[in-house]
Each structure stands twice: as C-alpha cells, then as structure tokens.
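Working notes, beginning with the structure itself.
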C-alpha cells in the first residue's frame, strides 16, 4: 500500500489532470474522514456496485458531478491549497451529488439544482468553517446537510423538482411495534449502517466500504464496525423500527461519530474508546430525536446527528491523554 | 442631489428634532442597505402610496411608530453614536412596525406587542451584532426576522392577538401546477419583488422604491432590478406557484441578496456580479426551502432567506478583487 | 444563616463524601442561579413535598440520580474545579432527572436514557459554555434544554420509551377563549410559575422555593415573585389559555429571566429593574411563540424562552450602571 501511494504521489505530481483526479478521490475518502485516494477510489467502487445492482445510474453520475463541481468551485474561488489537496472541498459535493438523485426525480431542473447545490456546498464549507474555526472544531459534513436540506425542501415549493423517495410530511407519532432482530438481520443492519454513510442501502457496498477504510487505517475500519454494532444494539434495546434498523438508518451517524471521536480527532486509547462509546450511544438517541423532529417537513436528517453529537463531544476540548491537540485546531480540517 | 444632501446636513446639525428625523429617514433607507435620508423618505412615500390605495392606515402608522421606538430605544440605551447616526437601529424597527399590522388585527394588545417588539428589535440588533461581529459579518435584517417570528408566533398562543393575514399552519405538500408567466406578469412580479422588501404588494410602490435606490446609488438600483429579474426567471424555471411569483414572494430576498453582494459588501465588478448572481439563484432556492420548512408553523419567512444566504456568501471572506475588506469588518455596519 | 454556612464550609472541607453532597446541593441551587447549599437543600425539599403529595417517586429519584451522575461525570472528565465546586455541572443534570420521569413512563430503557442524558448534559455544558464564552455570556440552562429535547423527541422513535405526559404533536391553532383570572387563581398561578422552574405543578412547592431563594438572596426572592406577577399579568392581558396560566406554564421562564437580569448578571438598581421588566415581558411573548413553534413536535419548550431572552438581553453588554462587568465575563459561570 505504501509503495502504491508513493508511486501515485510521484505520478500525480507530474500531471495536472491526474492531480485533479487525486484531489477528487481524496474528497470521496474524506466522507469518512480519510485523506487517502485509494480509500476514495474504493468508496466510488462501492457506490458503483450498488448503482449497477439497483440500476440507478443517476446516483453514480451525480456523485461524480457533485464531486468535480464542488472541487472546481473551490479551485476557482482560490481557496486554501492545502485544504484543496486534502480533498476537504470534495466530500460535501459528492454527498450532495448522491442525495439529489436519491430523493428527487432527475430532469433538467433537478440537474441544475444538483450543480448549483454542489457549487454552493463549497461556499457553505468555507462559511461554516470560518465560524467553527473560532470554536476550534471542524465543519464536518454540516455543509452537505445544510445545502441538501435547502435543495430537497425546495422540492416541496417548486413543481419542476419532482420528489422520488422521501416524505410525506407527517406529525411524529410514537412507534409502537418494536421487534427483535435475528442474528442475520443484525449483521445486515450493521453492514448497511456503513453503506448508508453514502445514502446507499446495500450490504455488499458496506463490505467494500470496510475494505476501503482498511486501506487507510485499521483503526478507522475497527471503529466503523464497532460503531455500527453498538448503534444497532442500542437502537434495538430502545425499541426502534426494525425495518429502519435493517436498512441501516440508525447506524450511519453513529458510525461516523465512532470514527471521528475514536481515531480521527483523538488518538486511540481505552479512555478515548470509552468516550467514543458514549458519543456513539448518544448519536443513536439523537438520530431518533431528529427523525421525529424533522418528520413534519418530510425530508431526511442526513448526517445531522453525527455533526451535532461530534461537535458537542469535541467542543469541551477534553485533554483525553494521549491526545494531541493538533487535529481539532484547524476548523477546516476534517482528516489527519 | 449632492447640494440637497449638503444643505440637509447643515440644517440637521443645528436642530435636535431634525437630527432625529434624519436618523429615522436613514433607518428607513437601511432596509435596502442605503445610508441616505432621501432614499428613506422615498421608501416611506412608497409605503404611504400603497397604504392610501389599500386603505391600510395601520401599516403606515406602525412603520413610523416602529421606526421611532427602535431608534429611541437605541438612544436611551446609549448605543454607539456612529451606528445610530447611520440609521442602523431603525431598519429592523420599521420592518417590525410594518409586519405586525400586516399579519395581525390591530387593537390595544397588538399595539402593545408592536411597541415592545420595536424596542426589543434594538436589543436584538445589539445582541446579534455582538455575535456576528466575531464572524466578521453584519447582522443584516436578522433582528427583524427573529423579533417578528416571536411576535407573530405568539399570536397563536394569545387570544387577544387576532391573526389577520397569515397561515393556517399546514404540512408542506408538493406544488403540482406550475405555469408560465406572461411578459406583463413577469414585469409585475419583478416590481412587486422589490416592493415586498417592505412586505408591500404593489407594483407602483416597486417603481417608487427603484427611484429611491437611484437617489442613493445607481448600482443599488441596477442590482435590485437585475436581482428581481433573475429571481422571477429562476422561480419560473423551477416551477414555482404563479400566484406567489406574481405577488413578488419569490423575489424580495434575492433582491436584497443581489444588492448586498453586488454593490454593498463587495465593490461592483464582473467577478463580483457573477458571485452575486450565484447568491441570487441560491436565494431563490432557499426561499422555496424556507417556505416549506415554516409551513407547519403558519408564519411568513420574512427576509430569512436573504439573511442566511448573504451570511453564507460573506463568511468565506473571499478576496474578490478589487474588493476592499472594510465593508464587512464591522459586525454592526450594514451600509457603507 | 452566615454561621450555618461557615460551620458547613468547615465540616465539608474535612470530608470527601460531604464535599460531594455540598457540590450536589449547590448544583440544585444553581437551577435558580444560586450558589448556596441551603437553597439547594430547600429546592430538593420542595420537590420531595410535591412528589409525596402526587405519589410520583420516580421524579425524586430521577432528580437525585441526574444530579449525582452529571456531577460525577464532570469530576471524571477532570473539569474545572472551581466550576464543579460552585455546582455548575449539577443544575442541568437535576433538571434532566426531573424531566424524564415527568414526561416518560419509567422502565429499564427510560432509566438508561436518563443516566446517559444526565452524563451527556455535562458534556453539553462544557461544549455550549465553550461557545458562549466567546460571546461573553453564560450557558444558562441550555444544556438541559438541548439534552432533554433529544431525550423526549427520541421517545417518538423508540417503542421502549413510552410517553407519559406530553404531546400529542399538533399544528398550532389560534387560542380563542381567553378568560380573566380571579384573585385566587392569580396568586396560585404566580406560585406555580415559581414551582414550574423545576417542572413541578404545586403552589406549596412554590412557597418553599421562595423561602429557599430568601436563604440565599432577598433580591433573588423579590425578583422571582415580581417576575411571576408580571408574567401572569402580561399573559392574562394578551389573552393566554387560563388553564396553562394557572398551571404556571407562562411564568417559569420569565421568573428565571427576572432573577438573571435583575440581580445575578447585573447589580440591582432602578435602571436594571426596568431593563429586567422589559426582559420579563419579552419572555412571556417568547414563551407563547415557542409553545406554538414546538407544537408540531409534541414536546415541551422547557426553559428555552428564558435562555434565548436572557442571552439576547445580556449580549448587548450594556453598561447599566452601577453594573460590574465581572458576572458576565466567564461563560461557564451562571451564579455569583
């Protein structure tokens, strides 16, 4: 792996087009906080696998368009070179590009919306980072969440933006029929919790994503798997809707929270693992809370639970030894 | 014009009552980010024109009361003299004073609400500016938006605050019957997009407001007109409700966004115009999104779309040459 | 009183278990911004009185568990010693502990929720204080509000967290049958406005709480009583629901606002009293507004009106002579 990355680094340095490919692949990798082009490539592979099985080509095209538009916008606006090179302006764009075709029917107006949204995600990234930098925490995926909330909410107001797969808006009502998961359902729910980080409901994609994380960091893969297991177990204990659990909808934010707290913004240790465990449990509760809170609007929560919980757990600036302070010092940095 | 302003400046310097009039007129002008008493006077004229046509005297009285109460509150609290002189404590108050009689039936309790609200808008201005100053952006009309949300939402809880023209609360539902605008409707929609900045649905008032902007800045007038045209065109392309478009409801926030980004907080240039164009398009999408998001509460969005989009486009602190950094450096400043 | 406190201080200094008791009692006292163990003890007594009358033992147990878990979490995380000693990590936890058994049916899953929530309230306190410190204001009870919103909203998503006393979610609808309060109802409403600060609907508890405040500060007691009277009078003038007024639901946030603005963060004077009066009136309006805004979610507003209004009135950093600047300089400090 190290040799591959070193060869890639040399090749990229000699070619402008390849450098853009490298930046975009790192942008894909940053969705799970990994600054690694191989990880990003495997994430795209996982998306393409699901797309080829489901026949939803627009999701794959949207992912590439969103990634490239957001990255090019950052370059055109003359943003910080180091941040661009680490892919920090790509991960929100690729998520916008996956989300729009997942929830809306694609046509000229929705493609226009997707492109404007991807470009705007970069402006939102710059804006939100400017504020969170004052707090000493990263923007995480909040630019994606905010941008995509605007885009999919707008679909309720504009007749040429037809809704494909969300809503309808409804007042929250208590869920009354919890049921236990079988062992096979549990495993399935864990894998889909990982694939749903990219809004994909596919267990094989979940496995590809774990391999992608392994290519970057054993810790990241371990915290992702552990986060998924904790999330499904807690959701089941609290009596969540089995269909939602099986689709991974209770796990994607806790998975990201576990990675972020467990090995990205703190250095892994037993103390940090315990702290990340508490964060992961809280992320499950907050996921349930936000699902209820957003129900009247008929749009998804996206990764809002991850963002809010991770911010709240990073903001105390706890000195969880042996924790280096650097990783949280720059608001725009989301990976090492 | 320059001679008129110079004579006025000399006259005002010699008389306390006239100084208050000057501050209040500038406060009216600051609703569209213009520190100019003639512009403010013409804005009031535009309001009075609509009021005399529609017979809604309470709106005119409310405007004056809100403007004076908010300004006097700032003076009584010993706020910054320069900001007071520029009318920066008046624009939120006049908007509160126009909004309350527009949405509620006036009576002793609603007048009490209006006066408390206007006074509070100055405290909200001081508070919000204190926070946005840390971010290096102005408060814009957020004090008005926040204050008036409190006031009109309270009308659902209190029986002596009867609702006149808003709601009913409803879950968002996709709008299904978009239709093209005729050329006449398009022109009408553009003019009303400008009058709706003061919550007024009147094309003649829109024309008076354009003249008022011309009295202060040709750029401001040009960006207002261009912003209105872009807004109605984009809303129409995305398939907005024709009745809402014709009433200017998709244009008032984009108009303010175009003025703010195009010639107030950046110096006009082609690069800035492109940036303002993107901001204006995003403001239309965000207007649609907020309309859906707020539907369950049965209250208007006011200028929230303008505030959120303009903040997001100012926060990156882009160095769009030939842009001077000064205009965004003081949180409380909203005009030059 | 001074001798009692001095003897207690000496005793506490010699014994670790007693020190924890002292910290916890101060934590209870800080719910009304009083750093005083006797006040805290009497607050607990007021809770126990209501619990013994109503037979709701889980509320009393929850209060103690929430208080101890939140305080212990702060100690385990190595938080600031001075803040711990002042009880600043206990008041959010005790409120979480009272709220969960008030709104949910207790069982293994809800006790788990309560304990996780109490621990999380301390992390939220550290996180929110970190942000509000930049603004120069305290976190107030926002950690409690945010945490408990998450917990009770989650009850709509999880089948093993049954709802006892809140909701159902409903769109806001104008309240149409205001009625005048009798003198007895008015008194009752005032006392319950004070007891509802701890979510308790009991006039005797309100009296015990006034005595508890007297033990710490005559001003605090006076502003609490005056705040309650202003709140009920304004709510009645605006035409609030008499049942809600009588249960103290329009008064608890204004009571806290009156104490905070009148004698905790500013030094009492006529000028400050007028400012606090305006804040108290605004808090009643904001209470009504938030009740409407949160109705579709079917959860309580908790003390959000107090938090938002007090922040907005503290943020201007007005120099209301003879006001010392110290009390608002440290974000985490909520009492003297």
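Cβ coordinates are placed from backbone N, Cα and C, and glycine is handled just like the others.
Taking TrEMBL as the reference, the stretch among B:176-195, B:296-315 described by the feature transmembrane segment is residues B:296-315.
Within its own chain, the transmembrane segment (B:207-235) has Cβ neighbours under 8 Å at 1, 29, 32-36, 38-43, 45-46, 49, 181, 186, 189-191, 193-195, 197-198, 245, 250-251, 254-259, 262-264, 268, 276-277, 280-281, 283-285, 288, counting only residues six or more beyond its boundaries. Listed as Cβ neighbours of the transmembrane segment (B:247-265) (distance under 8 Å, sequence separation of 6 or more from its ends, same chain) are residues 32-33, 138, 140-141, 189-197, 201, 206, 213, 217, 219-220, 223-224, 226-228, 230-232, 234-235, 240, 272-273, 275-276, 279-281, 283-284, 286-288, 301, 303-306, 309-310, 313-314, 327-328, 334-336. A 10 Å cutoff on Cβ-Cβ distances gives residue B:303 (site 'Important for channel permeability') a total of 27 other Cβ atoms nearby, all chains included. Long-range contacts of the transmembrane segment (B:87-105) within the same chain, counting only residues at least 6 positions beyond its ends with a Cβ under 8 Å from a Cβ of the stretch, are 23-31, 35, 40, 47, 56, 58-59, 61-71, 73-74, 79, 113-114, 117-118, 121-122, 124-125, 141, 143-144, 147-148, 151-152, 155, 161-166, 198-200, 299-300, 302-303, 332-335. Long-range neighbours of the transmembrane segment (B:272-290) within the same chain, counting only residues 6 or more positions beyond its ends whose Cβ lies under 8 Å from a Cβ of the stretch, are 223, 227, 230-231, 234-235, 238, 240, 249-250, 253-254, 257-258, 261-263, 266, 301, 304-306, 308-310, 312-313, 318, 320, 323.
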